[in-house]
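Trainee: Annotation source Swiss-Prot lists domain 'IGFBP N-terminal' at 36-119. Residues or ranges marked as disulfide bond by Swiss-Prot on the basis of sequence analysis: C40-C69, C43-C71, C51-C72, C60-C75, C83-C96, C90-C116, C214-C241, C252-C263, C265-C286. Sequence annotations record features per position, and here Swiss-Prot assigns N-linked glycosylation site to N118, N137, N200 based on sequence analysis. Taken from Swiss-Prot, the feature phosphoserine covers S149, S202, and the record attributes it to similarity to another entry. The annotation compositional bias 'Polar residues' is assigned in Swiss-Prot to 192-203.
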Amino acid sequence: MHPARPALWAAALTALTLLRGPPVARAGAGAVGAGPVVRCEPCDARALSQCAPPPTAPACTELVREPGCGCCLTCALREGDACGVYTERCGTGLRCQPRPAEQYPLRALLNGRGFCANASAAGSLSTYLPSQPAPGNISESEEEHNAGSVESQVVPSTHRVTDSKFHPLHAKMDVIKKGHARDSQRYKVDYESQSTDTQNFSSESKRETEYGPCRREMEDTLNHLKFLNVLSPRGVHIPNCDKKGFYKKKQCRPSKGRKRGFCWCVDKYGQPLPGYDTKGKDDVHCLSVQSQ
C-alpha cells in the first residue's frame, strides 16, 4: 500500500465528519457513534506535557482541541471564518461546511475553503450531493431507459398517459415492446455470464487434472515459503516430480551439512511402497521397484 494513502483516507473521513455534524467522543471515552470512526490515542499526561500554554483572552474567546487527534488547546474559529480539515475547529454551535456554490465540497474542505456556520442552520451532506429526481420530474430519456424495469407494468405512468391520451393503444404497445427488449437483453447478459462462469470452471478443472498431486504439493510448498521470515533448508521438503506432475519413484530429504538426506521409493501418487524401508540409507535405487 502506498504510504500516503492512509493519511488521505483519514482526511476524507474527517471531511465526511465535518459535513455530517460535530465529531463523536474520543474512542477511549466509550462513546459509540454511527459511521466511520477514527480511533485516536488517549491524551495522557505525557501528551499533555508537550503542549504549549493555551492562548488567553482577549485574543482568544474560546478554547477547543486541536484538529484531528491532537491533545493541545487552541483558539476556536468564529462564525464566518475560513475552515477545513487541517485548520482549527469551529466554536461551539458552529460547523465547518463548504460554500453553497461549491462544486466539489469534500475537496473544498480538504483545501480549507469551508466556512464556520451555525450548526442548526447548516445543511447535511445530502445538500451538497446530487439529489435523486422526483418521480414526476423524470426526463424523457430516463423514462424510456427505465420503462422495462417492472415486468408486469403494461400501463404507462400518469404523466405519460396525459401526453398520449389520444393514442392509448400505441402507448401500451410501446411499453410492452420496451419491456420485451429489456427482458431479452437481461437474458442475454445472464446467459453470457453463465457461459463465462462455465468456461472458467472447465478451465480450472482441466488445469487441476493436467497437474498431478506432486506438482500441486510443490506449488503449495513454494507458496508457503513466501510467507516465512526465516528459511531453514532442513525443514523444507520439495518433492521430486515428473513432467506430468506426478511423483518420481525416488524421493529424498535435503542434506544436513555433510550428512546426506535419506531417500525412499514411492508410487506415482506419493505413497511409500510397502515392504521397502530405506530410512537411514544413503544410496537407494528405485528403478527395479514396481509402482503400484
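Backbone N, Cα and C define each Cβ position, glycine as well.
Describe the structural context of these features.
Mentor: DSSP assigns C69 (disulfide bond) to coil in the three-state reduction, outside any helix or strand. The number of other Cβ atoms within 10 Å of the Cβ belonging to C69 (disulfide bond), over all protein chains shown, comes to 16.
Under a cutoff of 8 A between CB atoms, and with a sequence separation of 6+ in the same chain, the neighbours of C71 (disulfide bond) are C43, A47, L48, C51, R65.
Remark: C60 (disulfide bond) has P54, C75, A76 as non-local neighbours, by Cβ distance under 8 Å and separation of at least 6 in sequence.
Under DSSP, C83 (disulfide bond) is assigned to a strand (E or B) in the three-state scheme. Long-range neighbours of C83 (disulfide bond) (same chain, six or more residues apart, CB within less than 8 Å of its CB): L77, R89, C90, C96, G112, G114, F115, C116.
Around the Cβ of C116 (disulfide bond), a 10 Å sphere holds 24 further Cβ atoms from the protein chains shown. A strand conformation is recorded for C116 (disulfide bond) in the three-state DSSP classification.
A simple way to gauge crowding: the CB of C214 (disulfide bond) has 23 other CB atoms within 10 angstroms, across all the protein chains here. Following the DSSP three-state reduction, the secondary structure of C214 (disulfide bond) is helix.
Look at C252 (disulfide bond): DSSP puts it in a strand.
Secondary structure at C286 (disulfide bond), taken from DSSP and collapsed to helix, strand or coil, is coil. Around C286 (disulfide bond), the same-chain residues six or more apart in sequence whose CB sits under 8 Å from its CB are K249, K250, C265, listed in sequence order.
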